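Q: My questions all concern the structure below.
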Amino acid sequence: MAQIIDGRAIAAQVRAEVKAAVEAWVQAGHRPPYLAVILVGDNPASASYVRGKTRAAAEVGIASDTLHFDPSISEAALLAEIARLNADENVDGILVQLPLPDHINPSRVLNAIRPDKDVDGFHPVNAGRLLLGEPGFVPATPAGILELLRRSGIETTGKHAVVVGRSNIVGRPLAALLLHRGIDATVTVCHSRTRNLAALTRAADILVAAIGRPRYITADMVREGAVVIDVGINRVDDPGHPRGYRLVGDVDFEAVADKASWITPVPGGVGPMTIALLLRNTLHAAQRRYPYP
Ligand SMILES: Nc1nc(=O)c2c([nH]1)NC[C@@H]1CN(c3ccc(C(=O)N[C@@H](CCC(=O)O)C(=O)O)cc3)C=[N+]21
């Protein structure tokens with residue numbers, strides 16, 4: 001049976017560190033870090049993630065506002081809003097919650113955010129810096145995964161990490177991070193067109209599932225003793241549950257836990273780390289630091 005990587009506990013530790021650093025920053029005479037969150041429309045999952053982020057920010061002493069726009073807002077109006085936040089010296093971090101409505105081009109919006117306020121790390125400048133191994137903002141989910149590995153004492157040097165998923169917010173930046181000096185994993189990136197996926201996932205010392213399909217990774221796809229990181233957050237209907245749904249990951253948890261050496265649960269694994277690392281990025285934005293996890 002695998003050891004469970006307790007993302008809630010590790011995230012609480014990161015948040016406590018951020019809280020202490022924010023206190024020291026304010027003690028030194030600075031105003032508290034400030035995060036502007038842009039939420040367009042009323043996707044219930046997005047609204048709930050945004051509430052989670054702003055609540056967690058308040059708990060560590062980071063000020064924030066959620067700018068909530070009607071789904072009919074034009075791209076031009078949204079860009080004007082970002083220009084205003086870019087120019088506002090009292091705004092340290094800007095986060096545009098994804099997904100955006102279909103009539104808005106997400107890259108045009110993300111590219112408009114000043115890279116030094118881009119606490120999500122989605123701007124091409126930050127993506128490029130990450131690829132080159134230069135200091136910049138690292139997207140919170142990949143940074144959180146590295147922190148989970150590091151704080152669990154899991155060795156990455158020379159290990160074969162197999163990342164399933166090539167999204168701009170998880171798979172690609174995580175692959176870049178795993179290649180960094182000091183982390184030194186050997187990285188394979190798989191995706192929906194990969195042939196014989198199971199043969200590749202079975203070769204993983206560290207398997208990261210960021211596919212977006214409930215319980216896609218089954219026990220036969222996992223090598224005995226592998227470390228399994230589940231990035232999936234899938235809502236599945238569950239009438240027996242108070243919310244009417246339940247969260248499941250991209251990994252068939254019970255069966256895979258029997259083979260793995262370490263595994264992250266869903267909920268309580270990567271999700272809470274995403275929020276904690278966003279807070280750390282916001283602190284670093286306020287300090288005009290280009291961090292490096
Ligand atoms: N611009 C942007 N930045 C993001 O970082 C971003 C985004 N857009 N769009 C959506 C995804 C998703 N995401 C999550 C954050 C926290 C949890 C989280 O805390 N999950 C809890 C459970 C929460 C619950 O119970 O609903 C857990 O896994 O334990 C999940 C998912 C950030 N995202």
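Yeah, the Cβs are placed from backbone N, Cα and C, and that goes for glycine too.
Note that TrEMBL annotation is computational and uncurated.
Since this is a predicted model, take the numbers as computed values, not measurements.
Relevant sequence annotations retrieved from TrEMBL are reproduced here:
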- 5-120: domain 'Tetrahydrofolate dehydrogenase/cyclohydrolase catalytic' (DOMAIN)
- 139-289: domain 'Tetrahydrofolate dehydrogenase/cyclohydrolase NAD(P)-binding' (DOMAIN)
- G165, R166, S167, I233: NADP(+) binding site (BINDING)
Q: Just to be sure I understand the packing, how many Cβ atoms besides its own are within 10 Å of the Cβ of R166 (NADP(+) binding site)?
A: 18
Q: With every protein chain in view, how many other Cβ atoms are within 10 Å of the Cβ of I233 (NADP(+) binding site)?
A: 19
Q: Among G165, R166, S167, I233, listed as contacts of NADP(+), what is the widest Cα spread in Å, to the nearest whole number?
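A: Looking at G165, R166, S167, I233 as a set, their Cα atoms extend up to 16 Å apart.
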Q: Which value does the mean pLDDT take for the domain 'Tetrahydrofolate dehydrogenase/cyclohydrolase catalytic' (5-120) in this predicted structure?
A: 97
Q: Over all shown protein chains, what is the count of other CB atoms within 10 A of the CB belonging to S167 (NADP(+) binding site)?
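A: Neighbour count, Cβ to Cβ under the 10 Å cut-off: 16.
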Q: Quick one: of the binding-site residues G165, R166, S167, I233, flag those whose CB is under 6 Å from ligand 1, and say none if nothing qualifies.
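A: Checked binding-site residues vs ligand 1; flagged I233.
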Q: Report, as a single number, how many Cβ atoms besides its own are within 10 Å of the Cβ of G165 (NADP(+) binding site).
A: 24
Q: Could you put numbers on the helix, strand and coil content of the domain 'Tetrahydrofolate dehydrogenase/cyclohydrolase catalytic' (5-120), residue by residue per DSSP?
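A: So the counts come to 60 helix, 18 strand, 38 coil.
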